[in-house]
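Q: Have a look at this one before I ask anything.
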Amino acid sequence: METTPLNSQKQLSACKDGEDCQENGVLQKVVPTPGDKVESGQISNGYSAVPSPGAGDDTRHSIPAATTTLVAELHQGERETWGKKVDFLLSVIGYAVDLGNVWRFPYICYQNGGGAFLIPYTIMAIFGGIPLFYMELALGQYHRNGCISIWRKICPIFKGIGYAICIIAFYIASYYNTIMAWALYYLISSFTDQLPWTSCKNSWNTGNCTNYFSEDNITWTLHSTSPAEEFYTRHVLQIHRSKGLQDLGGISWQLALCIMLIFTVIYFSIWKGVKTSGKVVWVTATFPYIILSVLLVRGATLPGAWRGVLFYLKPNWQKLLETGVWIDAAAQIFFSLGPGFGVLLAFASYNKFNNNCYQDALVTSVVNCMTSFVSGFVIFTVLGYMAEMRNEDVSEVAKDAGPSLLFITYAEAIANMPASTFFAIIFFLMLITLGLDSTFAGLEGVITAVLDEFPHIWAKRREWFVLAVVITCFFGSLVTLTFGGAYVVKLLEEYATGPAVLTVALIEAVAVSWFYGITQFCRDVKEMLGFSPGWFWRICWVAISPLFLLFIICSFLMSPPQLRLFQYNYPHWSIILGYCIGTSSFVCIPTYIAYRLISTPGTFKERIIKSITPETPTEIPCGDVRLNAV
């Protein structure tokens, strides 16, 4: 008797009467050598309602010798799964709906034609963002591995994609959590009768501080600044103590304590795996929607709110003729849904094999897009109120972009409305919970990837590995906690992570659709869901989605953003530095390709064939066990 690898996922047979199938905790199909007599019946595939041929049939038939084998793990070795389906959905929604939905989408929408922007945004979502989102969920759920080891089952030569994703995740964690630290500082500062950014009588204020909402007659000059702006720049960031990237200054101990608290919450939320993080997101993923609803109702009742809504949605159809509008729409939907970061692969890998990931992709994508749209009303009703109070045009009030829109403009509006303390507390608490969800997801993507790749080292030491990851991210964040840390945050966001993750996602889409094969991928989906993806999805995966990513990358390279923060213009060398940081992650892909081709024995043609052929079987469920099949 001998065992041989499975030639097909369909060639599964049961051991005769279940005898001698178990060895060292693993079920094995005994395959006879030539001359042995074989009697076997096929078994149910375990996920289809239709029984396989021979299932439940007493008829026995012979099969060719040495054609099939079975290696199935016992049920107790099963991969961890989500406690409930809703845990997975809330985790994915919490990951996709982040701070960018609140500040980036509203700003980009009004800047690119208001209501007219929804047309390119919807088109890019349908043909680019959602197909990539669906692809990653299906890949993760079928192969049940993180972003590194999954490539052994798809196309081994592209394993460098997984390492690149892990490095990108580290860069993101280095600056993203700093924004949460700012929000936490604001939250702590909000527990006062009078919010500290409402007046110019504080120690950090300058002679240029001018309060728009003061009862005194005021004169606004070119150099005038609001109390909210000075609180953000001079008290929270202390950016006046830095001369720029060439001299960042010291570390703000207040922000360092805030980020330590943030990382502590993160650690105890994810240290035990998806069983614990899946429960935490019941709070962190739902709380923002409660607060958004409260803020929406409050904003709609403010005087002048209609001015903000009109400014937000009034369509400028001429904008649709500008290429930049379509670029912004494509970039926004991609970074909002978040394919290419390894998170969707990790989350989906903990699903049950026959979970309807197609439905999940559609539901979570729609929820994400609708959240962005509704967030625009939350922001612009308040901006309309500010414009009414200042007797200015909304465009003058809404000139701030990025974090400044939240920490200066919106914070100032909250400070000058009734019950300001209450609304400030819930608003900044909402920002923190939005950020926590995304950080949980980003780090889980890395943790799952490393644990799956090195199970013999870390499988029983997850808590220690998570601690090491969190500590590493904390030390990586120190440069963003300096007095000039805001300059670093903007540089990392614009240059170090954006282009890199776009390129990684493009190569991933090509590797799956062209090398692994769209036909094989669709077969995998059919085995899970019972139906094959239609032609729309196939065309998107093979051509439209890769072109969608290539379009964004080329547009970025042809017209890179000019960096400016407050009154500081970034030096030219900083752009080169940003590209170098981004390249440091992407370089993992060609480096691993070269390593693979050099280390694989055989002729050059044989090396290529071996390198693009899956080398590890994928487990297929069969009743109470999982079957390994090639």
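Positions of Cβ are set from backbone N, Cα and C atoms, glycine also.
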Q: Could you tell me whether Swiss-Prot assigns Thr323 and Leu563 to the same side of the membrane?
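A: Yes - Swiss-Prot names the same topological domain for Thr323 as for Leu563.
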Q: Between Cys166, Cys209, which residue forms the disulfide that Swiss-Prot gives for Cys200?
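A: Checking Swiss-Prot: disulfide partner of Cys200 resolves to Cys209.
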Q: Say Swiss-Prot lists Ala96, Asp98, Asn101, Asn368 as binding Na(+) 2: which of Ser336, Ser349, Ser395 is in the same site, per that record?
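A: The one candidate that Swiss-Prot places in that Na(+) 2 site: Ser336.
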Q: Of Thr421, Thr439, Thr616, which one shares the serotonin site with Asp98, Glu494, Tyr495, Phe556, Ser559 in Swiss-Prot?
A: Thr439
Q: Using DSSP, how many residues in the topological domain 'Extracellular' (187-252) fall into helix, strand and coil?
A: 16 helix, 5 strand, 45 coil
Q: Limited to the topological domain 'Cytoplasmic' (272-277), I'd like the whole-number average of pLDDT.
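A: Mean pLDDT for the topological domain 'Cytoplasmic' (272-277): 85.
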Q: What are the helix, strand and coil residue counts for the topological domain 'Extracellular' (559-574) according to DSSP?
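A: Each residue of the topological domain 'Extracellular' (559-574) counted once, the result is 3 helix, 4 strand, 9 coil.
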Q: Counting Cβ pairs closer than 8 Å, which of 278-297, 325-347, 361-380, 464-483, 495-516 has the most of them with the transmembrane segment (88-112)?
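A: Most contacts with the transmembrane segment (88-112): 361-380.
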Q: Please give me the CB contact count at 10 A for Cys209 (disulfide bond), counting all chains in the structure.
A: 19
Q: Mind telling me which of the binding-site residues Tyr495, Phe556 has the densest Cβ neighbourhood, counting other Cβ atoms within 10 Å?
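A: The largest 10 Å Cβ neighbour count belongs to Tyr495.
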Q: Enter the number of other CB atoms within 10 angstroms of the CB of Thr439 (serotonin binding site).
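A: The answer is 27 other Cβ atoms.
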Q: What is the number of other Cβ atoms found within 10 Å of the Cβ of Asp437 (Na(+) 1 binding site)?
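A: There are 27 of them.
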Q: Of the listed stretches (253-271, 422-443, 495-516, 539-558, 575-595), which one yields the highest count of Cβ-Cβ distances below 8 Å with the transmembrane segment (116-135)?
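A: Stretch with the highest Cβ contact count: 539-558.
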